[in-house]
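Visitor: Sending over a structure as structure tokens; questions will come in a sec.
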Amino acid sequence: MSSPSSTVNNSSQEPGSQTGSVLSNSDEPRLPTQRAPEGIATPKRFHIPEIEGLRGIAIVLIVIFHVWFNRVSGGVDVFFLLSGFLITLSLIRAAERPGGTDIGRYLSRLVRRITPPALIVLAGVVVMAIIWLPKSRWGDTFGDVLSSAFFIANWRLAENSVDYLASQNSASMVQHYWSLGVQAQFYLLWPLVISAAILAVKLLGDRVPGLTLRRAAAVTIGLVFVASFAWSLHQTATDQTYAYFDTRARLWEFALGGLLFLALPYLRCGRRWAAILAWLGIAALVSCGIVFTGAEFPGFAALVPTLGGAAIIAAAVAQPHTTAGSLLRSAPLQRLGQLSFSLYLWHWPVLVTYLVMTGEERPGLLSGLGIVAVSILLAQGTHLLLEVRLPATGIGQKTVRGGFALGATCLVVVMLAVTAWFSIIEGERKRIEALSADAANYPGAQQLANTAQTTSNAPLIPSFLDAHLDDELELRDECSQNIVGKAVKFCELGSEDPEYTIAIIGASKTWQWVPAFLQFHEEHNWRIIPMTKNACHFSAYEQIYRGEVYEDCNEWNDRVMDELAQLRPDAVFATANRVDEHGEYTDEGYIARWEQLDDMGIDVFAIRDTPRPGFDVPECVEANGITSLECARDRDDIYPLQEPEVATEFDVPDNVRFIDLIDYVCGDQVCPPVVGNILVYQDTTHITATYMRTLAPYLEAELVATIDGQTG
């Protein structure tokens with residue numbers, strides 16, 4: 001992880017730099033000057049070697065828990081703390097000198113320190129993705145690389161965390177760049193926080209006795225800490241996955257580092273207590289990955305690694321000569337600390353590449369050691385070339401414009417790699433479009449109905465490049481609610497004077513039938529009303545999502561009933577039961593909803609749920625081939641009964657009509673991943689829109705037979 005140097009020279013050091021004066025004749029905006037407060041020491045050189053050792057411990061924990069345990073270690077939280085500590089130190093000391101801080105130079109030095117390794121490694125990841133990553137993951141990774149290049153990956157991941165369909169996809173090769181995004185956004189914000197403190201001194205200094213820059217900064221930083229920590233607690237409790245990547249929920253960790261710096265002159269303790277404090281801090285940090293799963297962050301749980309890191313720094317400043325200090329100053333930890341940024345950048349794409357190549361869910365001891373060794377070698381080379389030798393050449397180091405030019409050059413390298421990749425993607429799409437132009441080669445469900453044959457050498461549709469996106473995406477965004485949100489979103493599609501109206505209600509596995517409805521609803525002068533919410537079933541009972549009560553879903557269900565009372569559709573289309581990786585089962589909350597609809601005079605079309613393979617099907621097919629049984633599920637494992645239990649064993653109201661189209665999704669023995677040259681699944685569970693359109697005639701026949709019987 002990147003952070004400013006742990007050595008800060010009072011006469012020449014700037015945040016993010018190794019050398020260079022803060023005095024400049026440029027016209028760049030500056031932070032105004034404030035004198036250092038009386039009675040507080042301001043040594044010409046402020047060096048804390050334990051910080052490098054703390055970085056070393058943090059990166060070791062990150063790598064260990066990522067590679068072998070797939071857990072959060074707390075190491076990233078320590079990096080946030082250190083960045084807050086060192087940037088606050090640099091900005092405050094610069095503001096206390098004549099001339100103040102040159103904001104342009106501050107940003108330029110951060111750019112030339114961070115962008116060469118971050119962006120050149122990103123370009124390397126593009127090459128790795130082209131060579132080793134399955135094409136089914138190219139589209140998602142392409143977007144991830146772009147957001148990472150502009151240091152906004154955390155917001156893309158935050159949005160994907162509440163996008164249920166996106167969350168079905170495999171981990172990105174650059175998922176770890178989220179923390180660089182948070183850090184970059186902090187770097188842009190923090191001069192404003194310090195400027196607010198300086199402005200407060202200018203406006204109130206004469207009226208508030210004893211008001212100094214550092215005291216004012218303690219107030220402004222303290223306000224950031226309180227506001228961000230409160231937001232973090234709220235978001236972690238209500239939407240943890242979004243909060244994890246939310247800069248607003250992370251700022252308090254940087255603020256804690258800033259407050260720690262401001263508190264250093266007042267920290268006093270003997271060697272024994274300093275040693276105890278340091279060892280407690282190390283123990284807290286090491287225990288994070290063992291005690292926490294990651295689902296608790298960034299709320300109260302993030303206090304453990306950040307306070308642990310703060311304790312280590314405080315002890316090192318108060319009493320540097322302790323046993324813990326000796327460990328942190330040891331050569332191995334110092335070296336790992338120097339490599340920490342480059343090692344952080346490389347370890348994750350190397351790990352993901354290994355897992356893709358081997359098909360393993362997690363590496364073993366020896367293979368994990370190999371991943372670590374390769375990551376360290378790449379980190380050594382990156383550190384030597386881009387963090388040591390490049391600055392030594394003077395390229396982009398001497399002027400503000402030079403620093404920005406260096407960053408822009410690195411960005412161009414990434415954009416060239418991305419452009420080349422985009423050309424490959426578009427070329428592959430055009431090739432498949434040309435080869436798949438003959439619709440007769442793509443019967444889909446007709447093959448299971450024994451009414452069509454396929455040409456075996458026709459390319460699959462949707463292509464592996466587009467499988468994850470094979471849905472009515474624009475319509476879904478408009479007509480379906482995401483995981484977070486209680487409002488009922490719906491669309492009314494079809495005739496304004498319909499002969500029959502059907503509301504399509506439920507979770508994403510109900511939404512998946514919308515492409516089929518779109519094939520025939522206008523022909524019959526029907527109106528369809530998609531009204532769905534991701535991961536939220538149409539049930540009268542309390543629902544659980546990821547181990548917690550799904551409050552948004554429960555309230556959404558109640559609001560749906562209110563909407564139905566106003567809309568008065570002729571019927572509701574919903575899933576009849578549920579299927580998970582273990583098979584199908586009955587949700588009695590569905591039946592309770594059907595009874596309520598019966599009281600309202602609304603009929604129900606209850607369709608048997610489709611299989612849930614539980615693994616990324618397009619990726620599996622790409623790796624193993626369309627005929628491999630690795631990517632199929634035994635039909636009897638999912639559907640042991642000829643008819644769903646809900647249709648035979650439960651007392652359901654008279655308004656329910658069951659529909660079973662599983663014979664057009666599964667064969668007699670297996671539920672295959674490909675039928676009639678069409679990929680059946682877009683991810684781990686959802687049917688592709690392309691395949692759904694081939695199911696349309698069979699769904700239409702079932703609906704028409706029932707509706708004509710009612711209205712005939």
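From the backbone N, Cα and C atoms, a Cβ is placed for every residue, glycine too.
The shown structure was predicted, so the numbers you read here are calculated from the model rather than taken from an experiment.
Straight out of TrEMBL:
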- 1-12: compositional bias 'Low complexity' (COMPBIAS)
- 487-699: domain 'SGNH' (DOMAIN)
- 1-39: region 'Disordered' (REGION)
- 53-69: transmembrane segment (TRANSMEM)
- 75-94: transmembrane segment (TRANSMEM)
- 114-133: transmembrane segment (TRANSMEM)
- 186-204: transmembrane segment (TRANSMEM)
- 216-234: transmembrane segment (TRANSMEM)
- 249-267: transmembrane segment (TRANSMEM)
- 274-294: transmembrane segment (TRANSMEM)
- 300-318: transmembrane segment (TRANSMEM)
- 339-357: transmembrane segment (TRANSMEM)
- 369-390: transmembrane segment (TRANSMEM)
- 402-424: transmembrane segment (TRANSMEM)
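Provide an account of the burial state, proximal residues and distances for the features listed.
Guide: Mean pLDDT across the domain 'SGNH' (487-699) comes to 92 in this model.
Counting same-chain residues at least six beyond the ends of the transmembrane segment (114-133), those with a Cβ under 8 angstroms from any Cβ of the stretch are 2, 16, 141, 145, 148-149, 173-174, 177, 180, 184, 341-342, 345-346, 349, 353, 356-357, 382-383, 386-387, 390, 406-407, 410-411, 413-414, 416-418, 420-421, 424.
Same-chain residues lying 6+ beyond the ends of the transmembrane segment (216-234) with a Cβ under 8 Å from its Cβ atoms: 88, 92, 193-194, 196-198, 200-201, 243, 246, 248-252, 255-256, 258-259, 262, 298-300, 302.
Distant neighbours of the transmembrane segment (300-318): 48, 50-51, 54, 58, 73-75, 77-78, 80-82, 85, 232-233, 253, 256-257, 260, 263-264, 267-269, 274-275, 277-278, 280-285, 287-288, 291-292, 324-325, 328; these residues of the same chain sit at least 6 beyond its ends, with a Cβ under 8 Å from one of its Cβ atoms.
When Cβ-Cβ distances below 8 Å are used as the criterion, the transmembrane segment (339-357) is approached by residues 1-2, 55-56, 58-59, 62-63, 66-67, 79, 117-118, 121, 124-125, 128, 132-134, 171-176, 363, 367, 370-372, 374-376, 378-380, 382-383, 386-387 of the same chain, each at least six residues removed from its ends.
Here the transmembrane segment (369-390) has Cβ contacts under 8 Å with residues 63, 67, 113, 116-117, 120-121, 338-339, 341-343, 345-347, 350-351, 354, 363 of the same chain, all six or more residues outside its ends.
For the transmembrane segment (402-424), the residues of the chain that approach it from at least six positions outside its boundaries are 105, 107-109, 111-112, 115-116, 118-120, 122-123, 126-127, 129-130, 138, 142, 145-146, 149, 395-396, judged by C-beta separation under 8 angstroms.
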Visitor: How about long-range neighbours of the transmembrane segment (186-204): same chain, 6 or more residues beyond its ends, C-beta under 8 Å?
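Guide: For the transmembrane segment (186-204), the nonlocal Cβ contacts are 15-16, 31-32, 34, 80, 83-84, 87-88, 91-92, 95, 101, 103, 106-107, 110, 211-213, 216-217, 219-221, 224, 247, 250-251, 254, 258.
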Visitor: Taking a Cβ cut-off under 8 Å, which residues six or more beyond the ends of the transmembrane segment (249-267) line up next to it in the same chain?
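Guide: Tertiary neighbours of the transmembrane segment (249-267) are 40-41, 77, 80-89, 92, 182, 186, 189-190, 214, 217-218, 221-222, 224-226, 228-229, 231-232, 235-236, 243, 298, 302, 306-307, 310, 313-314, 317-318.
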